[in-house]
Every structure is written in C-alpha cells, then in structure tokens.
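> I am attaching a structure below and will ask some questions about it afterwards.
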Amino acid sequence: MDLQYPLELVGTFVFAISGALAVRDLEHDVFGAGFTGFITAIGGGSLRDMLLGSYPLVWIGDVYFLYAIFAGVFIAFIFPKMMLKLRRTMFLFDTLGIGFFTILGVEKALSLGVRPEIAAIMGMFSAVMGGVFRDTLTNEIPILFRKEIYASACLAGAILYLILNYFGLERDYNMLISISVIISIRLIAVKYKLSLPRLD
Amino acid sequence: MDLQYPLELVGTFVFAISGALAVRDLEHDVFGAGFTGFITAIGGGSLRDMLLGSYPLVWIGDVYFLYAIFAGVFIAFIFPKMMLKLRRTMFLFDTLGIGFFTILGVEKALSLGVRPEIAAIMGMFSAVMGGVFRDTLTNEIPILFRKEIYASACLAGAILYLILNYFGLERDYNMLISISVIISIRLIAVKYKLSLPRLD
Amino acid sequence: MDLQYPLELVGTFVFAISGALAVRDLEHDVFGAGFTGFITAIGGGSLRDMLLGSYPLVWIGDVYFLYAIFAGVFIAFIFPKMMLKLRRTMFLFDTLGIGFFTILGVEKALSLGVRPEIAAIMGMFSAVMGGVFRDTLTNEIPILFRKEIYASACLAGAILYLILNYFGLERDYNMLISISVIISIRLIAVKYKLSLPRLD
C-alpha cells in the first residue's frame, strides 16, 4: 500500500495541529502550544516503541515526521482562528487519525513478533496515548476518561483487525474494514452521545 | 521458591482490581476503569524494566500477566460492590503486593548487574510507580505524597534486603523478613496514622 | 574539557535541591521531598536516553550521580530555611544548570548519531523535562507552560550550538557562547518579565 507512508505523515501533521490548538484556552504562549502539539503527535508511537524496545523511534529515525509536526504547529500558529473554525474538520481528521494509527500500531507490534493481545493494546496506545500525555501535561482529565467512546473504539478496531487477520483476510481489505469500524464507532458515539456503561 | 511465579500473578491480579476500583468515584466508564487497572498493574514493573533497558517487558513476554490483569478488571466490573465492601481485604492485598513486588524488583535489578543503591530504587519503583501513574492519570495527588508511610516502607524493606543479602543471609529467609518488614511498617503506619516528618 | 564531569555532578546536585524544595508548600514529608528532588534531577537525562535507546542511563551506570542527588536532598532537608533564603542563589544555579544540561544533552545526542534537529530537542528535554515530571507529579502547571521564557531559551541555545558547530567553531568556545546565551535569555526574561506571544 503505497499510501501508508504519506498517510502516516498526514496523520502526524493533523495530530500536531490539534495538539497545538488544544491548549489555546489555557493561554499558553507559542512555545507551549508547539510543545503540546509535538507531544500529541509523537507520544503514542513513542510509548509503543519504548514499551516494545523498538529503536530508533520513528520520528528520531525519519526526520520527515519532525517536519510534519513543525508544519502542523506552524499552521496552528499562523491560522489559529481558521483552524478553530475548522473544528469540525479537525475532529474528522482526528477521527481518521486514530483509526489509521491504531491499525498501523497493531501491524508494527505484530511485525516485532508479539502476541495478538499485546498488539491490540499497542495499537490503541499508538492512537490515544499522545492525547493522554497532552492532557496530563495541561492538567486536563485525560481524553480516555471522558464521556464519549474514544479509546475503546480503537481497541475494538484493533481486535477486529486481528480476528480478520487470523482468518486470512487480505491486508488491504482488513485495514479498510477495521479503520472504517473505528471511525464509525467514534462518529456514531459522538453524534448520539453514546458512552459505555459505568461501574455501579 | 516455586511460589514466586504464582505470587507474581496474584499480585498483578490484585493491583488490577485496586486500580480499576480506584477510579469509581470519578464516574469513569468500564473502559476507563479497565485502563486504570491495567496501568496500575503494569506501570511499576514496566518503568523499572525500561529504565534498566531490560526487554521484553514482563507482561509483553508472558501473556499470563495480561490474563491476570483481565481477570482482575473483570472481577472489579462484575462485583464492584462486593470488592468495595472488601476494601479492608483489598488494602491487605495491596499491602502484601507492595511488599512482594519491592523485593522481586530488587532481585530483578540485581540480576541485571546494577549496584545495590540502584536496585533499592528499582524495588521501590516496581511497587509504587503503577499507583503513581494511576494517580497522575486521574488527577489525584500521587499516593506517595499522601500522609501515611507508603513508598518509604518499600524503600526501607529494599535496603534491609540488600543489607541482609550482603551479609549472606539465605534468599528465602531474607525475602520473608524483608517483605514482612515492609508489610509491618505499612500496617502500623496506617493503623496509628504515622507519617514521616515534614520539612520545616 | 576536564570540567565537564564535575560540572554535571554539580548540576545534578543543584537540580536535586531545587526539586526537593519545590514541594515544600504542599506539605510533603521528607520522603516526598526527596523523591521529587530525585525525579527533578534524573528526569530529563533519563527521558533523553530512553528516547534514544542509550543504555545504561547515566545515573544507573555511574553511582556518583546518585550520591550527588542524595547530597542535594540531604542539604535541602537539614537547611531548608537557609536554602529558601538562598532562593535567588538557587534560581541562579537552576539557570546555570539548564544552560549546561541543554548543551551536554545536544552533544550526547549528536554522539549517538542523530540528526541536528533531533539533537536540539534532546538538549532541551535534558534540561527541562525533569522539572516537567516534578510539576506533573505535584499537580502543578508544568514550568514550560508558565509565563517567563524557560524551555524556549534552552531550545534557542541548542540551535545556536548546532549552527556554530556546523560552521566549525571550536567546541569549548561554542559551549561557552551557547550556554551564555541560554543563561542570558533566561535572566533577561525573568528580570523584565518577558514572555513569548500567545496564539490569538
């Protein structure tokens, strides 16, 4: 799939924009916003690779990821109002991003020889932990503890990918289906304000 | 000591239950609770191994740890009220857990060839950092900054183990003594509300 | 430069003092203060080395760093009032520390073969992430999101070092200039309450 690499860069770019804009309300300066964009974009994949002992980390070994982040932060700097008006668009990009990064994370973990159970967790971590680090740094309640379904959609899609993979479905179809399922769950959950049951 | 491996699994199971229940008051959904249970159970050992560069991480190399966590989270899900009534029991289990994980962490660090000073810190990290990550994620004051003696009991037990080890005490006795000391310090500190002096 | 190693130890010592004292207002006990001093002193360098996969971590491979931390925490314990009266002195030490650690971090990253863009980030991480971990653990707004220029001074100095290095400036002069620039930016920013522009 020749689209994978450019899509990864686009996903990194979008995560950097959303991370940089996430802190606007806190009145951070441009450096703080850039730093947050950076952590959001690289956090999930870096944690995955550090847990798996896979070096060099993606953004350290391939400088184009860094450029994608710089570009995203730069866009957030010079067009903050436009980006915020595009909140709906950004939400869509973020949703595409978590779908895509989940499945790429699963595949990377599998390629390093771990069991499917571990690969599912690594896929979810790739997609959501950058946002969790962002929220922890800015003293927000981490996104995965908020109401609407988020990380659980990623985990569900990761498990689906692994099941379809086990039954031999061809990779490109499997990616398409699993990513679509993550995106659909997330969109439906946000539209209809669906959340998982609580413990009580 | 053939009991070591099953005890490690039991400790992981108990940490997962206590982590999942820790967030109940925050009204997290089942996914958030499961995630918190997971982080609590694997956080300390994972940090220890990542600091020491020891790969694969325990729960990535041995899937039974993951199953122990799933079982703990599942129990917390289906019997939350019973588990909370068992708060006293859970506290005892947590106390057993930190005693046990401290000494196992010390031994693992020593086996990787680090100096005793480092091994003591690694032992304490193994026991308490999962809880610290849990508290950071849920925006709580980390457990090691609260009043009653907690991490310092682990550090004291770790140092004791290293001293007795230096003087050649046989391992099984040493484990038994050092773990008992950690547990005793913790139980006495909570019962009599003992805390360390403050800086002033 | 024979001064490098002793200066690193002194920097670690100073970071440990400032970390231990940082939590006084939160009424932590001596253990909590010591823990915070420890995290402040080792956090930045440890993150840098874990991101780069460079093992053993400095303080794990060389026990004198641990002793420098113990000494710093000990000083903070027995002379807390004197240390707080020395707040101005401590601020100066901290400022020297971030200047020095930034450039050492850049050099270490370069020596591991990464690109200059990565080295600049690693230099900044070395200097500021210990403080960020400290602030996250103690539920403070991380220092790099506060008003006065801090991490951005480190990043500026790191980039300057890399540029001068590219043009072949001799290392000792380069270190001296780059560290001085970091220190000057920080001192001027605090004195005149300068901050970077915000996004709006």
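Placement of Cβ uses the backbone N, Cα and C atoms for every residue, glycine included.
Sharing the record's features from TrEMBL:
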- B:6-23: transmembrane segment (TRANSMEM)
- B:7-79: domain 'Glycine transporter' (DOMAIN)
- B:30-47: transmembrane segment (TRANSMEM)
- B:59-79: transmembrane segment (TRANSMEM)
- B:91-112: transmembrane segment (TRANSMEM)
- B:92-164: domain 'Glycine transporter' (DOMAIN)
- B:118-137: transmembrane segment (TRANSMEM)
- B:149-167: transmembrane segment (TRANSMEM)
- B:173-190: transmembrane segment (TRANSMEM)
> What stretch, picked from B:30-47, B:59-79, B:118-137, B:149-167, B:173-190, has the most CB pairs under 8 A with the transmembrane segment (B:91-112)?
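When the Cβ pairs under 8 Å are tallied, B:118-137 comes out ahead.
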> Counting only residues 6+ away from its ends, which parts of the chain sit with a Cβ under 8 Å from the transmembrane segment (B:118-137)?
15, 19, 22-23, 36, 39-45, 47-48, 51-52, 97-99, 101-106, 108-110, 143-144, 150-151, 154-155, 157-159, 161-162
> So what's the mean pLDDT when you look at the domain 'Glycine transporter' (B:7-79)?
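Per the prediction, mean pLDDT sits at 88 for the domain 'Glycine transporter' (B:7-79).
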> Under DSSP, the domain 'Glycine transporter' (B:92-164) has how many residues in helix, strand and coil?
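Helix, strand, coil within the domain 'Glycine transporter' (B:92-164): 59 helix, 0 strand, 14 coil.
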